[in-house]
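So that you can see what the record holds, here are the features copied from Swiss-Prot:
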- 9-253: domain 'ATP-grasp' (DOMAIN)
- Lys50, Gly57, Arg58, Gly59, Val106, Glu116: ATP binding site (BINDING)
- Asn208, Asp222: Mg(2+) binding site (BINDING)
- Asn273, Gly330, Ile331, Val332: substrate binding site (BINDING)
Amino acid sequence: MNIHEYQGKEILASYGVRVQRGIVANNAVEAVAAAKQLTAETGTGWHVIKAQIHAGGRGKGGGVKLAKNLQQVEELAEQIIGMQLITPQTPPEGKKVNKVLVAEDVYYPGESETSEFYVSVLLNRGTGRNMIMYSTEGGMDIEEVAEHTPHLIFTEEIDPTVGLQGFQARRIAFNLGLSGNAFKEMVKFIDALYNAYIGSDASMFEINPVLKTSDNKILAVDAKVNIDDNALYRQPKYAEMRDIREENPIEVEAKEVGLNYVDLDGTVGCMVNGAGLAMATMDLIKYAGFEPANFLDVGGTADAKRVETAFRIILKDPNVKAILINIFGGIVRCDRVAQGVVDAYKNMGDAIKVPIIVRLQGTNAEIAKELIDNSGMPILSAVQFQEAADQVKAALS
């Protein structure tokens, strides 16, 4: 579950991480009030107006602006709230901005130069360990750094039996080129950040940039946080941070009816039982020269109602040009699934305007094929995996 920057900073602050202070605002009037409050509490004269959406690259898209007075705070808040913000990480149409974070300006002059770093904590699925990834190249897309200057990215693997050790936090601060008070502050920052990651059951905490201020303080200027969905049952206060408006509406609907659905960019809709078979089906579609439009696991109870619901969800994606149903009948009987497909087709009528290819293998597969072939519906049936792929290719060629 992704959360907003301001929510991520709330979690960080609760674990002792120093963050750029800010107040969330839903309109220009609230933004001005927030700026006045920040000035009274911090003395800051300038403010940063930051769009709050679940995507990075907001600055490049015009979603982060500097306001030098209250009039600019009001003007920029009016400009950003309600806009369709397009970044490299949003859909082509962008995302609507519903709120902004009015933050203090932390790039003030002082005894030393400011420096920006990149620090993230995430799970390394290859090693099964948590990992801290960091770089001196803060404020940039880490993907660009990895592509052009990979030697500037460092990693620190964390042994799960002992957790983050002091020498590891010190090594990170050393590799970032810090010394004196800034070195000590970074060690504290890394320790608190890791504790926040573990304590919140997160799968990622990305801070970009981490700022060394001109008076040698270390603070989080941004926060991109993902909480593990499987742990939300024991993190109720973080579960309340969910913003459904930021999520794909089709995925939200599928989740509400118990379907495991992930929206993708292709043209071939998939309806499969079992995650492993679903991934294999997606591979087969790609080998056939096409792209899957979704990942959809209907689970072990693929009855008529569930199949019809899955059909309706898949067809909400206007990019779908064909649907491939691939079911292995173990616990589920193939003839029941086939009847569900036929019934769903009858119930939905003209709503289904794309070719449907059905491959059923396992319990009562022969009966299922007869049901489909004798239904009178324009449904193509296949026996072999490759045969199904060939039928998809023929339907879309």
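Cβ from N, Cα, C; glycine included.
Predicted, not measured: the structure shown is a model, and the values here were computed from it.
Under a cutoff of 8 A between CB atoms, and with a sequence separation of 6+ in the same chain, the neighbours of Val106 (ATP binding site) are Gln20, Leu211, Thr213, Leu219, Val221. In the shown protein chains, 22 other C-beta atoms lie within 10 A of the C-beta of Asn208 (Mg(2+) binding site). Of the recorded residues, Arg58 (ATP binding site) and Ile331 (substrate binding site) place their C-alpha atoms 47 Å from one another. Note: the CA-CA distance between Gly59 (ATP binding site) and Asp222 (Mg(2+) binding site) rounds to 11 Å. Ranked by Cα separation from Glu116 (ATP binding site), the binding-site residues Asn208, Asn273, Ile331 are led by Asn208. Taking Cα separation as the measure, Val332 (substrate binding site) is nearest to Gly57 of the binding-site residues Lys50, Gly57, Asn208, Asp222. Asn208 (Mg(2+) binding site) and Gly330 (substrate binding site) are 48 Å apart (CA-CA, integer value). Between the C-alpha atoms of Ile331 (substrate binding site) and Gly57 (ATP binding site), the distance comes to 46 Å. If you take every residue in the domain 'ATP-grasp' (9-253) and average the pLDDT, you get 94.
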